[in-house]
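Colleague: First, the structure itself, so that you have it in front of you.
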Amino acid sequence: MEPGAAELYDQALLGILQHVGNVQDFLRVLFGFLYRKTDFYRLLRHPSDRMGFPPGAAQALVLQVFKTFDHMARQDDEKRKKELEEKIKKKEEEAKAVVAATVEKEAVPVPVQEVEIDATADLSGPREVEKLESPGPQGPEHKVANVLEEAEAPGTVSSAAEGPKDPPVLPR
C-alpha cells in the first residue's frame, strides 16, 4: 500500500469506529467483512483449490501486520519519551540559569572593615571613635561613626549618673 493511500480510508474507518464505539467491536466488523466478502478464512485443502489460504497463513499474515505496526508504535513511544526528557532537561537548565542570574544580582557586598566590640571595656571613661576613610563614597556606616564622634568628642568625660547610652539605630 502506498504511504499516502492509508489516509484515503481514514474517514470511512473512523466512521465505522465511531459507530461501533470501541476497538474490539471495530475488529469484529473488520474480520466479519473478511469472512463474508473475501476468501480470507477459506482454507486451501487441495492443490487444485483456487481460493483461500494454506492452514495458518491468514493468522500469520494478521500477526505480521500487527507486529509491523506494533514496532512503529514502540518507536513513536521512544521518540516521545526522548522529546519529553529533553523538554524537562531544558526547563531544568533554564531554571538553574534564572537562579544563577538572581544570585549574581543579589550579591552580598564585601565588608569594608570588621570591628570588634569588647563587652568588658570600662564605659565610664572617655570613648574615642576612630574615623574611617574609605576610597568610595561615604556609606551609612561612616555617617554613624561621625554622629558618634560628634556626640562624644575625644577627651570629654561622661558623667557616671547618666550610665551607658543605647547605641544608635543604624539605617537600613
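Every residue, even glycine, has its Cβ placed from backbone N, Cα and C.
Quick paste of what TrEMBL says about this protein:
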COILED    74-101  coiled coil
DOMAIN    9-67  domain 'NudC N-terminal'
REGION    117-172  region 'Disordered'
Colleague: Averaged over the domain 'NudC N-terminal' (9-67), what pLDDT does the predicted model reach?
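Modeller: Here the predicted model's pLDDT, averaged over the domain 'NudC N-terminal' (9-67), is 93.
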Colleague: Of the residues in the domain 'NudC N-terminal' (9-67), how many are helix, strand and coil by DSSP?
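Modeller: Helix, strand and coil residues of the domain 'NudC N-terminal' (9-67) number 38 helix, 2 strand, 19 coil.
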